[in-house]
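Swiss-Prot annotations:
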ACT_SITE  His347  active site, proton acceptor
BINDING   10-13, Lys24, Gln75, 80-81, Gly141, Glu156, Asn171, Asn228, Arg317, Lys335, Tyr350, Asn361  UDP-N-acetyl-alpha-D-glucosamine binding site
BINDING   Asp105, Asn228  Mg(2+) binding site
BINDING   Ala364, Asn370, Tyr371, Ser389, Thr407, Arg424  acetyl-CoA binding site
REGION    1-230  region 'Pyrophosphorylase'
REGION    231-251  region 'Linker'
REGION    252-452  region 'N-acetyltransferase'
Amino acid sequence: MSRSRSAIILAAGQGTRMKSKTVKVLHKVAGRPMLDWAVALAGDCGASDIVTVWGAHSPAVRDAAEALGTRTALQDPPKGTGHAVLAARAALADLSGDAIVLYADTPLITAATVARVFEALEGGASVAVLGFEPDDPAAYGRLITNEAGDLDRIVEFKDASEAERAVGLVNSGVLAAPAELLFDLLGEVGNDNANGEYYLTDVVGLARARDLRAAVVVADADEVLGVNSRADLAEAEAAFQSRMRQSMMADGVTLIAPETVFFAHDTQIARDVVIEPNVVFGPGVVIEEDVVVHAHSHIAGAHLKRGAHAGPFARLRPGAELGEGSKVGNFVEIKKSQLAEGAKVSHLTYIGDASVGANANIGAGTITCNYDGYDKHRTVIGDNAFIGSNTCLVAPVTVGDGAFTATGTIVTQDVPADALALARTPQTHKPGWAARFNAAKQARKARKDSQT
(Lines of atoms letter the chains of each structure in order from A and count residues from 1; the text may use other names and numbers.)
(Lines give C-alpha, C1' and ligand atoms only; values in the text may rest on other atoms or scores of the structure.)
Protein backbone atom coordinates (compact mmCIF):
# COMPACT_ATOMS: atom_id res chain seq x y z
CA MET A 1 0.00 0.00 0.00
CA SER A 2 1.94 2.99 -1.30
CA ARG A 3 -0.72 5.70 -1.05
CA SER A 4 -2.55 6.83 2.06
CA ARG A 5 -6.20 5.88 2.39
CA SER A 6 -9.23 7.61 3.82
CA ALA A 7 -12.82 6.48 4.26
CA ILE A 8 -16.06 8.42 4.17
CA ILE A 9 -18.92 6.61 5.90
CA LEU A 10 -22.39 7.76 4.93
CA ALA A 11 -24.71 7.55 7.95
CA ALA A 12 -27.12 10.44 7.46
CA GLY A 13 -30.16 8.49 6.27
CA GLN A 14 -33.31 8.79 8.31
CA GLY A 15 -34.17 5.08 8.21
CA THR A 16 -37.91 5.65 8.53
CA ARG A 17 -38.71 2.13 7.34
CA MET A 18 -37.14 0.73 10.50
CA LYS A 19 -40.01 2.30 12.47
CA SER A 20 -37.78 2.73 15.51
CA LYS A 21 -36.73 5.38 17.99
CA THR A 22 -33.21 4.04 17.52
CA VAL A 23 -31.37 5.45 14.52
CA LYS A 24 -31.09 2.82 11.78
CA VAL A 25 -27.30 2.55 11.73
CA LEU A 26 -27.20 1.96 15.49
CA HIS A 27 -29.28 -1.21 15.18
CA LYS A 28 -27.15 -4.29 15.71
CA VAL A 29 -26.06 -7.19 13.55
CA ALA A 30 -24.44 -10.01 15.53
CA GLY A 31 -24.42 -7.87 18.65
CA ARG A 32 -22.60 -4.95 17.01
CA PRO A 33 -24.12 -1.65 15.80
CA MET A 34 -23.99 -1.37 12.02
CA LEU A 35 -22.01 1.87 12.29
CA ASP A 36 -19.33 -0.02 14.24
CA TRP A 37 -19.10 -2.54 11.41
CA ALA A 38 -18.41 0.23 8.91
CA VAL A 39 -15.81 1.96 11.08
CA ALA A 40 -14.04 -1.35 11.74
CA LEU A 41 -14.05 -2.12 8.02
CA ALA A 42 -12.51 1.25 7.23
CA GLY A 43 -9.76 0.61 9.74
CA ASP A 44 -9.18 -2.93 8.51
CA CYS A 45 -8.68 -1.71 4.94
CA GLY A 46 -5.97 0.71 6.01
CA ALA A 47 -7.84 4.00 6.23
CA SER A 48 -5.88 6.34 8.47
CA ASP A 49 -8.51 9.07 8.22
CA ILE A 50 -12.20 8.20 8.70
CA VAL A 51 -15.08 10.66 8.46
CA THR A 52 -18.66 9.75 9.36
CA VAL A 53 -21.36 11.88 7.74
CA TRP A 54 -24.43 12.28 9.96
CA GLY A 55 -27.78 14.02 9.67
CA ALA A 56 -29.28 16.71 11.88
CA HIS A 57 -32.02 14.29 12.96
CA SER A 58 -29.50 11.87 14.49
CA PRO A 59 -26.94 13.41 16.87
CA ALA A 60 -26.67 9.94 18.39
CA VAL A 61 -24.81 8.91 15.22
CA ARG A 62 -22.36 11.77 15.66
CA ASP A 63 -21.77 10.81 19.28
CA ALA A 64 -21.31 7.13 18.43
CA ALA A 65 -18.93 7.90 15.57
CA GLU A 66 -16.81 10.19 17.71
CA ALA A 67 -16.70 7.55 20.45
CA LEU A 68 -15.32 5.17 17.82
CA GLY A 69 -12.57 7.64 17.00
CA THR A 70 -13.78 8.99 13.65
CA ARG A 71 -14.10 12.56 12.55
CA THR A 72 -17.66 13.67 11.82
CA ALA A 73 -19.34 15.92 9.27
CA LEU A 74 -22.93 17.16 9.24
CA GLN A 75 -25.07 16.90 6.11
CA ASP A 76 -27.87 19.41 6.52
CA PRO A 77 -30.11 19.48 4.65
CA PRO A 78 -29.81 16.05 2.99
CA LYS A 79 -29.41 16.46 -0.77
CA GLY A 80 -28.25 13.07 -1.98
CA THR A 81 -25.20 10.84 -1.75
CA GLY A 82 -22.91 13.16 -3.70
CA HIS A 83 -23.84 16.02 -1.41
CA ALA A 84 -23.15 13.80 1.62
CA VAL A 85 -19.64 13.00 0.40
CA LEU A 86 -18.97 16.68 -0.26
CA ALA A 87 -19.97 17.41 3.34
CA ALA A 88 -16.99 15.32 4.47
CA ARG A 89 -14.38 17.28 2.56
CA ALA A 90 -13.58 19.82 5.24
CA ALA A 91 -13.20 17.08 7.85
CA LEU A 92 -10.66 15.07 5.85
CA ALA A 93 -7.13 15.75 7.01
CA ASP A 94 -5.41 14.63 3.81
CA LEU A 95 -6.57 14.70 0.18
CA SER A 96 -3.36 13.30 -1.26
CA GLY A 97 -4.31 9.62 -1.09
CA ASP A 98 -7.22 7.41 -2.12
CA ALA A 99 -10.70 7.70 -0.62
CA ILE A 100 -13.49 5.15 -0.41
CA VAL A 101 -17.16 5.81 0.23
CA LEU A 102 -18.77 3.24 2.55
CA TYR A 103 -22.27 2.95 3.98
CA ALA A 104 -23.14 2.50 7.64
CA ASP A 105 -26.20 0.42 6.74
CA THR A 106 -24.19 -2.17 4.78
CA PRO A 107 -22.48 -4.14 7.55
CA LEU A 108 -21.21 -7.31 5.88
CA ILE A 109 -18.63 -6.13 3.35
CA THR A 110 -15.28 -7.77 4.05
CA ALA A 111 -11.86 -6.14 4.20
CA ALA A 112 -10.73 -8.49 1.43
CA THR A 113 -13.37 -7.09 -0.89
CA VAL A 114 -12.45 -3.49 -0.08
CA ALA A 115 -8.81 -4.37 -0.70
CA ARG A 116 -9.77 -5.42 -4.23
CA VAL A 117 -11.43 -2.03 -4.77
CA PHE A 118 -8.22 -0.24 -3.81
CA GLU A 119 -6.21 -2.66 -5.96
CA ALA A 120 -8.29 -1.54 -8.94
CA LEU A 121 -7.10 2.02 -8.34
CA GLU A 122 -3.52 0.85 -7.97
CA GLY A 123 -3.96 -1.00 -11.27
CA GLY A 124 -4.66 2.21 -13.15
CA ALA A 125 -8.36 2.93 -12.69
CA SER A 126 -9.30 6.48 -11.71
CA VAL A 127 -12.62 5.37 -10.23
CA ALA A 128 -13.54 1.94 -8.84
CA VAL A 129 -17.12 0.88 -8.12
CA LEU A 130 -18.21 -2.17 -6.15
CA GLY A 131 -20.93 -4.09 -7.95
CA PHE A 132 -22.82 -7.32 -7.40
CA GLU A 133 -25.19 -9.68 -9.19
CA PRO A 134 -28.35 -10.24 -7.13
CA ASP A 135 -30.89 -12.95 -7.88
CA ASP A 136 -33.39 -10.16 -8.58
CA PRO A 137 -31.74 -6.94 -9.84
CA ALA A 138 -35.07 -5.13 -9.32
CA ALA A 139 -34.65 -1.35 -9.31
CA TYR A 140 -30.90 -1.20 -8.67
CA GLY A 141 -28.78 1.03 -10.88
CA ARG A 142 -27.19 -1.01 -13.67
CA LEU A 143 -23.42 -1.07 -14.22
CA ILE A 144 -22.81 -0.91 -17.96
CA THR A 145 -19.36 -2.09 -19.00
CA ASN A 146 -17.45 -1.79 -22.26
CA GLU A 147 -15.76 -4.48 -24.31
CA ALA A 148 -12.65 -4.27 -22.13
CA GLY A 149 -14.72 -4.97 -19.02
CA ASP A 150 -14.30 -1.47 -17.65
CA LEU A 151 -17.22 0.54 -16.32
CA ASP A 152 -18.71 2.80 -18.95
CA ARG A 153 -21.64 4.25 -17.03
CA ILE A 154 -24.16 3.73 -14.26
CA VAL A 155 -27.77 3.84 -15.42
CA GLU A 156 -30.58 4.26 -12.91
CA PHE A 157 -33.36 1.74 -13.40
CA LYS A 158 -35.98 4.33 -14.27
CA ASP A 159 -33.73 5.69 -17.03
CA ALA A 160 -32.56 2.32 -18.36
CA SER A 161 -33.51 0.84 -21.72
CA GLU A 162 -34.84 -2.70 -21.95
CA ALA A 163 -31.38 -3.91 -22.94
CA GLU A 164 -29.80 -2.11 -19.99
CA ARG A 165 -32.41 -3.46 -17.58
CA ALA A 166 -31.45 -6.95 -18.70
CA VAL A 167 -27.95 -6.41 -17.29
CA GLY A 168 -27.52 -8.34 -14.03
CA LEU A 169 -24.55 -6.38 -12.68
CA VAL A 170 -25.76 -3.64 -10.34
CA ASN A 171 -24.37 -0.85 -8.18
CA SER A 172 -23.72 -1.35 -4.44
CA GLY A 173 -22.99 2.35 -3.90
CA VAL A 174 -19.43 1.76 -2.70
CA LEU A 175 -17.00 3.85 -4.74
CA ALA A 176 -13.32 4.71 -4.49
CA ALA A 177 -11.09 7.25 -6.22
CA PRO A 178 -8.11 9.45 -5.48
CA ALA A 179 -9.52 11.90 -2.93
CA GLU A 180 -8.55 15.04 -4.82
CA LEU A 181 -10.10 13.71 -8.03
CA LEU A 182 -13.23 12.55 -6.22
CA PHE A 183 -14.00 15.99 -4.84
CA ASP A 184 -13.06 17.64 -8.12
CA LEU A 185 -15.59 15.47 -9.95
CA LEU A 186 -18.22 16.01 -7.27
CA GLY A 187 -17.85 19.73 -7.83
CA GLU A 188 -19.24 19.19 -11.33
CA VAL A 189 -22.22 17.07 -10.26
CA GLY A 190 -25.53 18.83 -10.79
CA ASN A 191 -28.96 18.29 -9.30
CA ASP A 192 -31.06 18.51 -12.43
CA ASN A 193 -33.26 15.55 -11.55
CA ALA A 194 -36.71 14.88 -10.16
CA ASN A 195 -35.46 14.88 -6.57
CA GLY A 196 -33.15 17.87 -6.87
CA GLU A 197 -30.34 15.79 -5.37
CA TYR A 198 -26.63 15.39 -6.08
CA TYR A 199 -25.84 11.76 -6.90
CA LEU A 200 -22.49 10.13 -6.22
CA THR A 201 -23.06 7.84 -9.21
CA ASP A 202 -22.70 10.81 -11.57
CA VAL A 203 -18.98 10.77 -10.78
CA VAL A 204 -18.51 7.81 -13.13
CA GLY A 205 -19.97 9.61 -16.15
CA LEU A 206 -17.93 12.72 -15.41
CA ALA A 207 -14.76 10.66 -15.14
CA ARG A 208 -15.48 8.93 -18.45
CA ALA A 209 -16.10 12.32 -20.06
CA ARG A 210 -12.50 13.15 -19.13
CA ASP A 211 -11.42 9.87 -20.73
CA LEU A 212 -10.52 8.46 -17.32
CA ARG A 213 -10.82 4.73 -16.70
CA ALA A 214 -13.49 3.37 -14.33
CA ALA A 215 -13.34 -0.19 -13.01
CA VAL A 216 -15.89 -2.58 -11.54
CA VAL A 217 -15.10 -4.94 -8.67
CA VAL A 218 -17.71 -7.67 -8.17
CA ALA A 219 -18.70 -8.80 -4.66
CA ASP A 220 -21.01 -11.53 -3.41
CA ALA A 221 -24.56 -10.27 -3.05
CA ASP A 222 -24.66 -11.16 0.66
CA GLU A 223 -21.75 -8.84 1.36
CA VAL A 224 -23.44 -5.72 0.04
CA LEU A 225 -26.85 -6.31 1.56
CA GLY A 226 -28.17 -2.92 2.63
CA VAL A 227 -30.42 -2.64 5.66
CA ASN A 228 -33.46 -0.39 5.37
CA SER A 229 -36.12 -2.34 7.26
CA ARG A 230 -36.50 -4.88 10.05
CA ALA A 231 -36.77 -7.58 7.40
CA ASP A 232 -33.46 -6.46 5.90
CA LEU A 233 -31.92 -6.49 9.37
CA ALA A 234 -33.03 -10.08 9.85
CA GLU A 235 -31.63 -10.99 6.43
CA ALA A 236 -28.28 -9.42 7.30
CA GLU A 237 -28.20 -11.31 10.60
CA ALA A 238 -28.96 -14.57 8.80
CA ALA A 239 -26.23 -13.91 6.24
CA PHE A 240 -23.68 -13.21 8.97
CA GLN A 241 -24.65 -16.32 10.93
CA SER A 242 -24.37 -18.50 7.83
CA ARG A 243 -20.91 -17.08 7.11
CA MET A 244 -19.80 -17.56 10.72
CA ARG A 245 -21.08 -21.14 10.95
CA GLN A 246 -19.20 -22.14 7.82
CA SER A 247 -16.05 -20.44 9.08
CA MET A 248 -16.27 -22.14 12.47
CA MET A 249 -16.70 -25.61 11.00
CA ALA A 250 -13.89 -25.00 8.51
CA ASP A 251 -11.65 -24.12 11.47
CA GLY A 252 -12.38 -27.37 13.31
CA VAL A 253 -15.41 -26.59 15.48
CA THR A 254 -18.19 -29.18 15.61
CA LEU A 255 -21.70 -27.76 15.33
CA ILE A 256 -24.22 -30.54 15.86
CA ALA A 257 -27.07 -28.50 14.36
CA PRO A 258 -25.42 -25.46 12.74
CA GLU A 259 -28.64 -23.65 11.90
CA THR A 260 -29.55 -23.46 15.62
CA VAL A 261 -26.29 -21.91 16.84
CA PHE A 262 -25.94 -18.11 16.87
CA PHE A 263 -22.65 -16.23 17.15
CA ALA A 264 -21.67 -12.66 17.98
CA HIS A 265 -19.37 -10.66 15.74
CA ASP A 266 -16.33 -11.41 17.92
CA THR A 267 -16.91 -15.01 19.06
CA GLN A 268 -13.60 -16.90 19.32
CA ILE A 269 -13.73 -20.70 19.41
CA ALA A 270 -10.73 -23.03 19.15
CA ARG A 271 -10.64 -26.33 17.28
CA ASP A 272 -12.11 -29.53 18.71
CA VAL A 273 -14.86 -27.68 20.53
CA VAL A 274 -18.33 -29.22 20.34
CA ILE A 275 -21.40 -26.98 20.28
CA GLU A 276 -24.73 -28.74 20.74
CA PRO A 277 -28.05 -27.41 19.36
CA ASN A 278 -29.74 -24.15 20.38
CA VAL A 279 -26.76 -22.27 21.78
CA VAL A 280 -26.52 -18.47 21.65
CA PHE A 281 -23.27 -16.53 22.00
CA GLY A 282 -23.31 -12.87 22.97
CA PRO A 283 -20.30 -10.59 22.48
CA GLY A 284 -16.99 -11.20 24.19
CA VAL A 285 -16.81 -15.01 24.27
CA VAL A 286 -13.53 -16.94 24.12
CA ILE A 287 -13.59 -20.75 24.11
CA GLU A 288 -10.45 -22.87 24.22
CA GLU A 289 -9.87 -26.37 22.83
CA ASP A 290 -11.87 -29.45 23.86
CA VAL A 291 -14.71 -27.52 25.46
CA VAL A 292 -18.26 -28.86 25.16
CA VAL A 293 -21.19 -26.46 25.23
CA HIS A 294 -24.36 -28.45 25.73
CA ALA A 295 -27.77 -27.60 24.33
CA HIS A 296 -29.87 -24.55 25.15
CA SER A 297 -27.08 -22.51 26.73
CA HIS A 298 -26.56 -18.73 26.54
CA ILE A 299 -23.00 -17.42 26.85
CA ALA A 300 -21.84 -13.79 26.77
CA GLY A 301 -18.62 -12.12 27.90
CA ALA A 302 -17.23 -15.41 29.17
CA HIS A 303 -13.98 -17.37 28.87
CA LEU A 304 -14.13 -21.17 28.85
CA LYS A 305 -10.73 -22.78 29.26
CA ARG A 306 -9.55 -26.07 27.83
CA GLY A 307 -11.80 -29.05 28.50
CA ALA A 308 -14.53 -27.18 30.35
CA HIS A 309 -18.19 -28.19 30.02
CA ALA A 310 -21.20 -25.87 30.13
CA GLY A 311 -24.87 -26.76 30.08
CA PRO A 312 -27.36 -27.91 29.09
CA PHE A 313 -29.45 -24.83 29.95
CA ALA A 314 -26.47 -22.90 31.34
CA ARG A 315 -26.23 -19.14 31.42
CA LEU A 316 -22.75 -17.64 31.52
CA ARG A 317 -22.81 -13.87 31.90
CA PRO A 318 -20.02 -11.30 31.45
CA GLY A 319 -17.03 -11.96 33.67
CA ALA A 320 -17.63 -15.71 33.90
CA GLU A 321 -14.42 -17.71 33.63
CA LEU A 322 -14.43 -21.51 33.61
CA GLY A 323 -11.08 -23.10 34.41
CA GLU A 324 -9.63 -26.15 32.69
CA GLY A 325 -11.82 -29.21 33.12
CA SER A 326 -14.41 -27.34 35.15
CA LYS A 327 -18.10 -28.06 34.82
CA VAL A 328 -21.20 -25.88 34.84
CA GLY A 329 -24.34 -27.96 34.54
CA ASN A 330 -28.03 -27.49 33.88
CA PHE A 331 -29.88 -24.42 35.13
CA VAL A 332 -26.73 -22.78 36.47
CA GLU A 333 -26.02 -19.06 36.14
CA ILE A 334 -22.49 -17.71 36.51
CA LYS A 335 -21.79 -13.96 36.57
CA LYS A 336 -18.50 -12.14 37.15
CA SER A 337 -17.01 -15.23 38.77
CA GLN A 338 -14.03 -17.50 38.27
CA LEU A 339 -14.08 -21.28 38.53
CA ALA A 340 -10.63 -22.81 39.00
CA GLU A 341 -9.46 -26.05 37.41
CA GLY A 342 -11.76 -29.00 38.02
CA ALA A 343 -14.43 -27.06 39.92
CA LYS A 344 -17.99 -28.35 39.53
CA VAL A 345 -21.27 -26.45 39.68
CA SER A 346 -23.59 -29.10 38.37
CA HIS A 347 -27.16 -27.86 38.74
CA LEU A 348 -29.68 -25.28 39.90
CA THR A 349 -27.19 -22.74 41.20
CA TYR A 350 -26.38 -19.02 41.03
CA ILE A 351 -22.74 -17.98 41.40
CA GLY A 352 -22.18 -14.21 41.22
CA ASP A 353 -19.18 -12.07 42.16
CA ALA A 354 -17.30 -15.11 43.40
CA SER A 355 -14.21 -17.23 43.01
CA VAL A 356 -14.46 -21.00 43.27
CA GLY A 357 -11.28 -22.92 44.03
CA ALA A 358 -9.76 -25.89 42.26
CA ASN A 359 -11.79 -29.11 42.51
CA ALA A 360 -14.43 -27.47 44.68
CA ASN A 361 -17.90 -28.97 44.44
CA ILE A 362 -20.98 -26.74 44.60
CA GLY A 363 -24.17 -28.60 45.49
CA ALA A 364 -27.56 -28.15 43.86
CA GLY A 365 -29.51 -25.09 44.89
CA THR A 366 -26.52 -23.12 46.17
CA ILE A 367 -26.89 -19.35 46.00
CA THR A 368 -24.27 -16.65 46.46
CA CYS A 369 -26.24 -13.82 48.05
CA ASN A 370 -24.07 -11.07 46.59
CA TYR A 371 -26.35 -8.00 46.56
CA ASP A 372 -27.60 -6.10 49.59
CA GLY A 373 -29.80 -3.72 47.62
CA TYR A 374 -27.01 -1.17 47.20
CA ASP A 375 -23.69 -2.92 46.66
CA LYS A 376 -22.32 -6.20 45.32
CA HIS A 377 -20.13 -8.28 47.63
CA ARG A 378 -17.70 -11.09 46.91
CA THR A 379 -17.76 -14.75 47.89
CA VAL A 380 -14.54 -16.79 48.02
CA ILE A 381 -14.71 -20.59 48.01
CA GLY A 382 -11.40 -22.37 48.56
CA ASP A 383 -9.76 -25.32 46.83
CA ASN A 384 -11.43 -28.70 47.44
CA ALA A 385 -14.29 -27.12 49.36
CA PHE A 386 -17.65 -28.91 49.40
CA ILE A 387 -20.76 -26.75 49.43
CA GLY A 388 -23.81 -28.77 50.44
CA SER A 389 -27.05 -28.54 48.53
CA ASN A 390 -29.31 -25.58 49.21
CA THR A 391 -26.57 -23.52 50.86
CA CYS A 392 -26.92 -19.73 50.94
CA LEU A 393 -23.59 -17.90 51.03
CA VAL A 394 -24.25 -14.38 52.32
CA ALA A 395 -21.45 -12.21 50.93
CA PRO A 396 -18.95 -10.98 51.77
CA VAL A 397 -17.88 -14.39 52.99
CA THR A 398 -15.04 -16.89 52.58
CA VAL A 399 -15.20 -20.68 52.75
CA GLY A 400 -11.70 -22.01 53.36
CA ASP A 401 -9.80 -24.74 51.53
CA GLY A 402 -11.25 -28.18 52.15
CA ALA A 403 -14.16 -26.84 54.21
CA PHE A 404 -17.70 -28.27 54.07
CA THR A 405 -21.07 -26.63 54.44
CA ALA A 406 -23.97 -28.79 55.53
CA THR A 407 -27.07 -29.02 53.39
CA GLY A 408 -29.44 -26.12 53.94
CA THR A 409 -26.88 -23.97 55.74
CA ILE A 410 -27.03 -20.18 55.61
CA VAL A 411 -23.40 -19.08 55.81
CA THR A 412 -22.97 -15.57 57.24
CA GLN A 413 -19.46 -15.90 58.68
CA ASP A 414 -16.16 -17.05 57.22
CA VAL A 415 -15.64 -20.82 57.41
CA PRO A 416 -12.10 -21.93 58.39
CA ALA A 417 -10.20 -24.40 56.23
CA ASP A 418 -11.24 -28.04 56.76
CA ALA A 419 -14.15 -27.03 59.03
CA LEU A 420 -17.83 -27.94 58.73
CA ALA A 421 -20.31 -25.06 58.72
CA LEU A 422 -23.72 -26.05 60.05
CA ALA A 423 -26.39 -23.41 60.53
CA ARG A 424 -29.92 -24.75 60.62
CA THR A 425 -32.65 -25.41 63.19
CA PRO A 426 -32.19 -28.81 64.90
CA GLN A 427 -34.69 -31.38 63.66
CA THR A 428 -37.42 -32.39 66.14
CA HIS A 429 -40.16 -35.07 65.96
CA LYS A 430 -43.75 -34.88 67.20
CA PRO A 431 -45.02 -38.45 67.55
CA GLY A 432 -48.53 -39.05 66.15
CA TRP A 433 -48.83 -35.50 64.81
CA ALA A 434 -49.54 -36.56 61.21
CA ALA A 435 -52.33 -38.97 62.20
CA ARG A 436 -54.03 -36.33 64.38
CA PHE A 437 -53.69 -33.73 61.64
CA ASN A 438 -55.20 -35.99 58.97
CA ALA A 439 -58.08 -37.06 61.23
CA ALA A 440 -58.99 -33.46 62.05
CA LYS A 441 -58.91 -32.41 58.41
CA GLN A 442 -60.98 -35.37 57.26
CA ALA A 443 -63.60 -34.72 59.95
CA ARG A 444 -63.83 -31.08 58.95
CA LYS A 445 -64.28 -32.04 55.31
CA ALA A 446 -66.99 -34.55 56.18
CA ARG A 447 -68.96 -31.93 58.13
CA LYS A 448 -68.66 -29.48 55.26
CA ASP A 449 -69.83 -32.08 52.74
CA SER A 450 -72.86 -33.00 54.89
CA GLN A 451 -74.06 -29.39 54.87
CA THR A 452 -74.19 -29.15 51.08
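Note: Cβ is positioned from N, Cα and C throughout, glycine not excepted.
Positions of Swiss-Prot features highlighted on the structure.
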residue: Leu10; record: UDP-N-acetyl-alpha-D-glucosamine binding site; DSSP (3 states): strand
residue: Lys24; record: UDP-N-acetyl-alpha-D-glucosamine binding site; DSSP (3 states): helix
residue: Asp105; record: Mg(2+) binding site; DSSP (3 states): coil
residue: Gly141; record: UDP-N-acetyl-alpha-D-glucosamine binding site; DSSP (3 states): coil
residue: Asn171; record: UDP-N-acetyl-alpha-D-glucosamine binding site; DSSP (3 states): strand
residue: His347; record: active site, proton acceptor; DSSP (3 states): strand
residue: Tyr371; record: acetyl-CoA binding site; DSSP (3 states): strand
residue: Thr407; record: acetyl-CoA binding site; DSSP (3 states): coil
residue: Arg424; record: acetyl-CoA binding site; DSSP (3 states): coil
### Nearest-integer angstrom distance between the alpha carbons (Cα) of Ser389 (acetyl-CoA binding site) and Tyr350 (UDP-N-acetyl-alpha-D-glucosamine binding site)
12
### Message
Using a 10 Å radius around each Cβ and all protein chains in view, which of these binding-site residues has the most neighbours: Tyr350, Tyr371?
### Response
Tyr350
### Message
Do any residues, 6 or more residues outside the region 'Linker' (231-251), come within under 8 Å Cβ-to-Cβ of it, and if so which ones?
### Response
18, 27, 29-30, 107-108, 222, 225, 258-259, 261-263, 265, 267, 269, 271
#### Entry: Tally of DSSP helical, extended and coil residues in the region 'Linker' (231-251)
20 helix, 0 strand, 1 coil
## Note on the structure
Among Ala364, Asn370, Tyr371, Ser389, Thr407, Arg424, the record's acetyl-CoA-binding residues, the widest C-alpha separation in angstrom comes to 22
## Note on the structure
Excluding its own, the Cβ atoms lying within 10 Å of the Cβ of Ala364 (acetyl-CoA binding site) add up to 19
### Query
What average pLDDT does the predicted model assign to the region 'N-acetyltransferase' (252-452)?
98
### Query
Whole-number Å distance between the CA of Gly80 (UDP-N-acetyl-alpha-D-glucosamine binding site) and the CA of Asp105 (Mg(2+) binding site)?
15
#### Entry: Those residues of the chain, 6+ apart, with a Cβ under 8 Å from that of Ala12 (UDP-N-acetyl-alpha-D-glucosamine binding site)
Val53, Trp54, Gly55, Ser58, Val61, Gln75, Pro78, Ala84
### binding-site residues clustered about Asn228 (Mg(2+) binding site) [Cα within 10 Å; pool: Leu10, Lys24, Asn171, Tyr350, Asn370]
Lys24
### Query
Looking at the binding-site residues Lys24, Gly141, Asn171, which has the shortest Cα distance to Tyr371 (acetyl-CoA binding site)?
Lys24
